[in-house]
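Peer 1: So that we are looking at the same thing, I have put the structure below in structure tokens.
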Amino acid sequence: MFGRLSLEALPHEWYTLGAVVSLGLGGLVAAIFLSKKKLWGWLWNEWLTSTDPKKIGIMYIIVALLMLFRGFLDAAMLWFQQAVLNGTSYGLSADHFQEIFTAHGVIMVIFVTMGLMFGLMNYIIPLQIGARDVAFPFINSLSFWLYVAGAIFLNLFFVLGGDFSSAGWLAYPPLSGLEYSPGVGVDYWIWSLQISGLGTLLGGINILVTILKMRAPGMTLMKMPMFTWATLCSMVLIVSTFPLLTATLVLLSLDRLIGTHFFTSTMGGNPMMYVNLIWMWGHPEVYIIMIPSFGIFAQVVSTFSRKKLFGYSWTVASLIAVTLLSMLVWLHHFFTMGAGANVNAFFGIMTMIIAIPTGIIVFNSIMTMYQGRITFGTPMLWFLGFVSTFSFGGMAGVMLSVPAIDFQVHNSLFLVAHFHTMAIGGALFGIFAGFSFWFSKITGFKLNEKIGKAAFWCWIVGFFVSFVPLYVLGFMGATRRLDQYDPSTGWQSLFIISFVGLLIIATGAFLQVLQLIHGFLKRNENKDLTGNPWEAEGLEWSTSSPPPDYNFAVIPGTNKIEEFHMPKNTPIGIYVSGFVFLVGFGAVWHIYWLTALGIIGAIICVIIRALDEDTEYKVILK
Amino acid sequence: MSHTETHERSLLGFWIYLMTDLLSFGVLFATYAVLSPNTAGGPNAKELFSLPFVLIETLILLTSSFTVGLAMLAVFKQAKQQALIWFGVTFLLGLTFLGMELYEFNNLIAEGASWERSAFLSSFFTLVGTHGLHISVGLLWMAVSMVMIWKRGLTPFINSKLTRLALFWHFLDIVWIFIFTIVYLLSYV
């Protein structure tokens, strides 16, 4: 009846029980608050069922920030283990340590950066291109709820027990195969990625069509703002690579569910094929989260230098080059596989070539500052932080692209330091820059710049303090993903310095929360009345902060006030995601009737929605 | 928002979706290409497949692609009766194709050549089965569409969806041609 789900599977360790209790209490407090204030109807009608990309964008950001909190706690546990508990008996068990670094990777890449990016895109892209909405509002809502369903899968083992995958964020077989990971952990991982990946794919198609088909009259491709261009490139990558992830995960789950032999080490299976397939998605994936940041930085630097972007067309061409090249470098993640000198040389050279357009993008941003009237607002500081960290990490990347060097530092902390430099200094700083840049547009009030700048300094200092030691450790041969390092290595002081860096970063994160609370409390004093606090260019600044539901009363480039249609809210996206969740849940725990129920339910919901002709309402502006 | 605008957007979105689906099939084809020599001592393609049987299957699917074209011509002429007939014929051809595929699968499993036997058979069943799954989705879509044509007539709302259904069906036909060539014909070379 309940497959593998039995009483023994339910949580019984202190940390999972603690999570169950705190989640339950948190839910209870929220429920009581909502009931007291009679806000259930408001929450359901105005937010959860909304098809407004602005509200969906905000919901993406909220969920992603919650996931960021968890991903940060995971990181803190890993660091604390290595710096303080190393060699003591109080530390995490090796199994638990592995589960945590797996969860940390998946959360930060898939649920935090992707979630925050999709949040910003949903809000900003329609405004930037002068549209009232995205191309497919219902699919937008569905994408978001699939993302939420995936996020729930990632946290489910707290509540329902079992374990989480301990096979690393990309779950290489045969370790992730049935033989070596018989529990539900890898299944949780598969369905978490599969369901949220489906949402990402639909979201990618949606935003791609929005940009291609819904620009205001007169906005030709070469007049688009850089964030729109970068988003377009990122979405092209999503639709080109997420199908590979979907198919690869299907193959892995077939191996685990019905006994096929794709990636097993027996009966002709080929585990290395999985490594190829997953990185054919995985490498473009890191560019999917990186490229939108390039766009944000280009807009920030031109706004805060009071100049047009230097070399607009070259930046666009470079973005496109990065997009295309990013699909041709995946093998550099496993030079040590033994593909042969020629193959390694090809991928090494492609990796070096990709540094050229990336360099053009960064240098064009820097040249924009030349002879500009620069002001140092918070977004601008994040940009400067990006230039220093990204160049630093980029040079480490070019080193890694040489197969001979890669053989020396493969799977070491040098690599960990490199990709954190790119992901934090590139993608995350970009998100923070965009967040502080567009915050007043989204909420209608401005944030305190002093606290924002203090937060930035904590982040950038903390970043170098924590990651430079990792570069050094990597050179000295420290292998990654270990919970214990022998004291005779003499590395302990470096791990402790790195941990101090984490504390500085945590101070920065705390200041950001403080900035949000401060901004919210003083929201009436710091209202953004002009709609354009930075005196920036772009259509998003031409409407009020926050914009009305329909974004623009008159579509830019036209001059008639018209009647128009807006999509009605619909709960079907939530229902479909709920049923898809059941499909995955049944597959994880081998409760097959639940999987069947989920499939049938999802199909019925989709058919009901497809046949509904009454999905819009008319707006008449007086 | 006018109907043509919505239709154009949906059409572009659907084309992009088809391309993503093609990439998923690309992974399955690549997997088949890599794993098909790995029979693990079990039967290989030449021993298992009957070419005449698959040829008939192929011809049936190709014919269904032709009849769905006729159905769409009827849709554009607003000939409801004709459209229903041609969609009905397409549906029956698709169902026959699916039945033949399941029959083939059943025979293979009965011979002990199931997906658990070897990596080659795993990749065969997954590639061909995924195509079959798409055909099933197409059949369900077609059945619902026929009920809608019958009940609501050929309105712009329905016609826009029918255009995408036809695209989907032709797409599955193209994928099958590759399956026929790579999986079945090449096994005889």
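A Cβ is built for glycine as well, from the same backbone N, Cα and C atoms used for every other residue.
Predicted automatically and left uncurated, TrEMBL annotations should be read as such.
Straight from TrEMBL, here's the annotation block:
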{"type": "DOMAIN", "residues": "A:38-559", "note": "domain 'Cytochrome oxidase subunit I profile'"}
{"type": "TRANSMEM", "residues": "A:14-35", "note": "transmembrane segment"}
{"type": "TRANSMEM", "residues": "A:56-80", "note": "transmembrane segment"}
{"type": "TRANSMEM", "residues": "A:100-124", "note": "transmembrane segment"}
{"type": "TRANSMEM", "residues": "A:144-168", "note": "transmembrane segment"}
{"type": "TRANSMEM", "residues": "A:229-254", "note": "transmembrane segment"}
{"type": "TRANSMEM", "residues": "A:274-297", "note": "transmembrane segment"}
{"type": "TRANSMEM", "residues": "A:309-333", "note": "transmembrane segment"}
{"type": "TRANSMEM", "residues": "A:345-369", "note": "transmembrane segment"}
{"type": "TRANSMEM", "residues": "A:417-439", "note": "transmembrane segment"}
{"type": "TRANSMEM", "residues": "A:451-474", "note": "transmembrane segment"}
{"type": "TRANSMEM", "residues": "A:494-517", "note": "transmembrane segment"}
{"type": "TRANSMEM", "residues": "A:591-611", "note": "transmembrane segment"}
Peer 1: Which bits of the chain, at least 6 residues beyond where the transmembrane segment (A:56-80) starts or stops, bring a Cβ under 8 A of a Cβ in it?
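Peer 2: Distant Cβ neighbours of the transmembrane segment (A:56-80) are 47-48, 50, 92, 97, 100-101, 103-104, 107-108, 111-116, 118-124, 140-141, 144, 147-148, 151, 154-155, 442, 466, 498-499, 502, 506, 509.
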Peer 1: Tell me whether the transmembrane segment (A:274-297) sits in contact with the transmembrane segment (A:494-517), defined here as at least 3 Cβ pairs under 8 Å among residues 6 or more apart in sequence.
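Peer 2: In this chain the transmembrane segment (A:274-297) does not contact the transmembrane segment (A:494-517) - fewer than 3 Cβ pairs sit under 8 Å.
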Peer 1: Of the listed stretches A:345-369, A:417-439, A:591-611, which one has the most C-beta pairs under 8 A with the transmembrane segment (A:451-474)?
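Peer 2: Top-ranked stretch among A:345-369, A:417-439, A:591-611: A:417-439.
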Peer 1: Taking the domain 'Cytochrome oxidase subunit I profile' (A:38-559) alone, what is its mean pLDDT?
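Peer 2: That region's mean pLDDT is 95.
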